[in-house]
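Here is what Swiss-Prot records for this protein:
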COMPBIAS  116-127  compositional bias 'Basic and acidic residues'
DOMAIN    6-102  domain 'SH2'
MOD_RES   Lys89  N6-acetyllysine
REGION    67-92  region 'Interaction with FYN SH3 domain'
REGION    104-127  region 'Disordered'
Amino acid sequence: MDAVAVYHGKISRETGEKLLLATGLDGSYLLRDSESVPGVYCLCVLYHGYIYTYRVSQTETGSWSAETAPGVHKRYFRKIKNLISAFQKPDQGIVIPLQYPVEKSSPRSTQGTTGIREDPDVCLKAP
């Protein structure tokens with residue numbers, strides 16, 4: 001799981017929410033450990049100022065699945081990256097497609113509210 005750039009490990013729900021809200025972009029998402037269910041992960045997605053959380057778990061055979069909206073057929077994936085790719089498409093049982101990954105390695109101090117990285121060493125001067 002550590003190889004997945006959007007996996008933040010054992011961060012609190014509140015910390016995850018702050019990271020997502022800081023982007024200000026609907027469709028921003030990250031993965032974190034569940035605080036209430038050991039061995040389960042949470043896929044957290046920002047939409048209209050709210051954070052929607054979907055439980056992601058691995059079966060005994062190693063397949064990955066996510067709890068989605070009621071009535072949506074549960075799908076299984078060989079790799080967590082395949083699950084994320086599938087949920088980047090519309091109508092997959094989550095509130096909005098995954099669009100903007102919030103990566104653990106992203107330097108928070110250089111991440112603007114637009115979600116676009118700004119290089120603090122680059123300055124443009126008007127003529």
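For all residues, glycine too, the Cβ spot is worked out from N, Cα and C.
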Summed over the region 'Interaction with FYN SH3 domain' (67-92), the DSSP helix, strand and coil counts are 7 helix, 1 strand, 18 coil
Tell me the residue counts in helix, strand and coil for the domain 'SH2' (6-102), as DSSP assigns them. 18 helix, 29 strand, 50 coil
